[in-house]
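Asks: One structure coming up, written as structure tokens, with questions to follow.
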Amino acid sequence: MAFFLQMLVTGVVVGSVYALVALGFVLIYKSSDAINFAQGEFLLIGTYVCLTLVASYNVPFIAALLLALAFSALLGWSVEKVVLRPFIGKPVISMIMATIGLSSVLAGIVHIIWGHETRVYPPVFSEKPLQFGEVIIAPVYAWSFVIVMIWLMIFTLFFKYSRFGIAMRATADDQQAALSMGISVKTIFAIAWAIAAIVSAVGGVLLGNINGVNSSLSLIGLKVLPVAILGGLDSIPGAIIGGILIGIIESMTGGYLDPLVGGGLKEVIPFVILVIILMVKPYGLFGKKEIERV
Amino acid sequence: MVRNPFVMQCGEFHVDYKQDMAIWKIARVRWRIFMIVALFALFPMVATDYVVGLATLCGIAAIGAIGLNILTGFTGQISIGVGAFLGVGGYTSAILTTKLGLSFWIAFPLAGLTTALVGALFGIPSLRLKGLYLAIATLAAQVIILFVISRWDSLTGGTAGLVLNRPQIGSFTFMSETSYYYLMFVVLLITIVFSLNLFRTRVGRAFIAIRDRDIAAEVMGIDLFKYKVLAFFVSSFFVGIAGALLGHYTMIVSPELYSISVSIEYLAMILVGGLGSVFGSLYGAVFITLMPVVLRSVVDVLSGTFPGLEGVLVGMKEVVFGAVIILFLVYEPDGLNKIWSNIKNYFRLWPFSYTK
């Protein structure tokens, strides 16, 4: 039972990070109908910037995190302006290939600047494990969960009450109506990309604190796909629930099934689920069904 | 009387559909094509082994790219799983020749057929999914197939992979670069001729109709499910053939040779070359295959003046690769094929280009 709970807790924590990254992904899809294959690279750049500030310039962690987030926001904003703007309304394949090209460029820049080897954060959170009954939790995990929850709260409030948040929801609902109400859809797109980069950076910093930082961290960008599809590509609550579900399933697979097959199943199981969902319920748990006409 | 075969036609004057459908629009084009084919057939006689080897790799990539273009460019079904399908082709041929001791000449078409069946299987969701969702489903296919390949140790040799032999006829082995080039050349020619003709048939026309508007196509009486799965089948067949050729050329198959970056490379080929164009796939394959080689030699030249350039070569390759994709998408979405036909059109009426 303790093992089960342990796996459950790990799953929920990792899943909540997935949820956060998927949130950015869904946000971009909702507002501009683009699927962002460069999400993983946003994550990587955010965490590397934070790591460099902490490790090389001795900036306090919180300040470094905020600087990294500001940098990510700027990156997301300018990427949308420079790269994605020409592709609004273009065929799906152009959009997909544009973000794939973007991810290749960003990954190349990361390799040039930071190289390939794994780096670790200097210990930020205390190392003393927390004990909850039978379950032992590393403080990194606990803090990650708390930080993700804070961010999800911030976004819920942002979408509900702030001017931009409401404008974003309006744009996602109907671009033309939003335009005619005086909302600058271009600004909304740019904000969506900036937010996506910010949440990815937060996710990257947390995962970097848990596992260390190397370029394979950008694979999270692909893992977000099953999460977003499970919840429904255009549903923000779907992304959060999907993220936690995928995290739990992954962790359980890693704990119970991987020893049987000799490892590696953990990485694949989200994609197996993805195929099953696509076959059974293509618009996910909360996605909006598209109706097509000739 | 021998006339200059490179004289261009100065307009299209078709009076019936037969002329419109013809592959050789004017009789003289036939000789021009024969000369170009002969040129490529004779080219290994003068080129070094290294260049012939590169040409072989370009040709194999072109076969795969034509396969992918049939699916993505002509039928409009985006696939991010080509890398894994190449792997299925390579591994099938490897297993059949090494474990079962079959001859290459039997294993080779079987590799194509197996890949085609696997492709058709993963094409089944295409009835319900399109666009983005299908792309993500094929991405899942890539991950799952690669997992099976790297875990099924008894059959595939796990992460270490399998070692293959070059094909043989009687006592002759296709060991030299030149002989393998000719093997590739024959397969490539067959692929090109087949795919050019495919789009003059009922099936090919149905593919194009599905790409342009699938619901409208269905209303016109095209069985969407049948033709979509058929497109996956035909496309994967050529991808599998390319995979088998590649496996026997490099003489090794292992999971990391078929990663998702390979899928992306192939997508880049058809995009840079031109979606929905057979010759575009060829140009794109050559472009994407040679790009790292050219970059490498540029870095070699420049590393004298800029030391340290060597160390960032890997990163630079990625940056250039991504930038090329984005620039083509922005400035010439129809790819190299369109650029080439623009050049031809310019000279068609030159110097009176204002007379349309």
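Cβ coordinates come from backbone N, Cα and C, glycine included.
Because TrEMBL annotations are produced automatically, they should be read as predictions rather than curated entries.
The shown structure was predicted, so the numbers you read here are calculated from the model rather than taken from an experiment.
I grabbed these lines from TrEMBL:
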TRANSMEM  B:29-46  transmembrane segment
TRANSMEM  B:52-71  transmembrane segment
TRANSMEM  B:78-96  transmembrane segment
TRANSMEM  B:102-124  transmembrane segment
TRANSMEM  B:131-149  transmembrane segment
TRANSMEM  B:180-199  transmembrane segment
TRANSMEM  B:229-251  transmembrane segment
TRANSMEM  B:311-331  transmembrane segment
Asks: Counting only pairs at least 6 apart in sequence, do the transmembrane segment (B:102-124) and the transmembrane segment (B:52-71) share 3+ Cβ pairs under 8 Å?
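Replies: Output no: the transmembrane segment (B:102-124) is apart from the transmembrane segment (B:52-71).
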Asks: Does the structure show the transmembrane segment (B:180-199) and the transmembrane segment (B:131-149) touching, where I'm treating 3 or more Cβ pairs under 8 angstroms (sequence separation 6 or more) as a contact?
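Replies: Result for the transmembrane segment (B:180-199) with the transmembrane segment (B:131-149) is no.
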Asks: Checking distant contacts: for the transmembrane segment (B:29-46), what same-chain residues at least six beyond its ends satisfy Cβ-Cβ under 8 A?
Replies: 5-6, 52, 55, 177-178, 181-182, 185, 189
Asks: Who are the chain neighbours of the transmembrane segment (B:311-331) in space, where the CB to CB distance is under 8 Å and they lie at least 6 residues beyond its ends?
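Replies: Sequence-distant neighbours of the transmembrane segment (B:311-331): 265, 268, 271-272, 288, 291-292, 295-296, 299.
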Asks: Determine which residues of the chain contact the transmembrane segment (B:78-96) at the Cβ level, with the cut-off under 8 Å and only residues 6 or more beyond its ends counted.
Replies: 64, 67-68, 71-72, 102, 104, 106-108, 110-112, 114-115, 118-119, 122, 131, 134-136, 138-139, 141-142, 145-146, 149, 155-156, 162, 164, 232, 235-236, 239-244, 246-248, 253, 255, 257-267
